[in-house]
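> Quick one: structure below, then a few questions.
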Amino acid sequence: MISSDYIKDKILEIENIQGNLIRSRISEFKRLKKSDKYTLFKELSFCILTANTSAELGLKCQAYINDGFYRLDYNDLREELIKVHYRFYNKRASYIIGARDIIDDLEYIVNMDDHFRAREILIERVKGIGYKEASHFLRNVGVFDFAILDKHIIKFMKNNYYIKYENNSSRRRYLENEIVFNELAKKFNMEPGVFDLYIWYIETGKILK
């Protein structure tokens, strides 16, 4: 296990190199929380698309499709995903079309005081959304209670013996791993959704969203 001093030193190093970008990203997330329902839905669609793919591909899809996430019918959305070489074009197009039922409630959900209930609502109502994707969406709209426990974060935790298993698929395992990560974030006086950005940079060398 790497020491707390090592992580602290890495955080300071990242702050010196990428501090401005991280603060800019955090401000962007906070601004997004105040957006209209259609902008929020585009972010939700991005989070649906990043599951089992890469953030880079999700960003490419988001930039290319844009308003099409809530305007296009299934066939047209599917074709647009094919154009950007998105692998799961059938299933994810279906998920995004189905998720439109929640558009009118998104502004309410992202501003709920009970962030954990907000996450459960997303999971219950949006097919294709699990704990990781719901946490991703909420973090990206300025709810920093949640980190995104993707393969990079889980790898960091497993390799440094904070957790025993890389399997993160079940509800129980995800929430157990989340508790461990949140306790680690607390040691460094950071919100999980901010600490996540630093650990992700340690693992990937990138600051995305």
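Every residue gets a Cβ built from N, Cα and C, even glycine.
Pulled from Swiss-Prot, these are the listed features:
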type     : residues : note
ACT_SITE : K132     : active site
ACT_SITE : D150     : active site
SITE     : K209     : site 'Important for guanine/8-oxoguanine distinction'
> Which number gives the other C-beta atoms within 10 angstroms of the C-beta of K132 (active site), all protein chains shown included?
24
> How many other Cβ atoms are found within 10 Å of the Cβ atom of K209 (site 'Important for guanine/8-oxoguanine distinction'), counting all protein chains shown?
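There are 19 of them.
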> Please report how many Å separate the Cα atom of K132 (active site) from that of D150 (active site), as a whole number.
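K132 (active site) to D150 (active site), Cα-Cα distance: 7 Å.
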> Name the secondary structure element type, per DSSP in three states, that contains D150 (active site).
coil
> Which secondary structure state does DSSP assign to K132 (active site), in the simple three-class scheme?
helix
> In whole Å, note down how far the CA of K209 (site 'Important for guanine/8-oxoguanine distinction') lies from the CA of D150 (active site).
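Roughly 12 Å, rounded to the nearest whole number.
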> With every protein chain in view, how many other Cβ atoms are within 10 Å of the Cβ of D150 (active site)?
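Result for D150 (active site): 22 other Cβ atoms within 10 Å.
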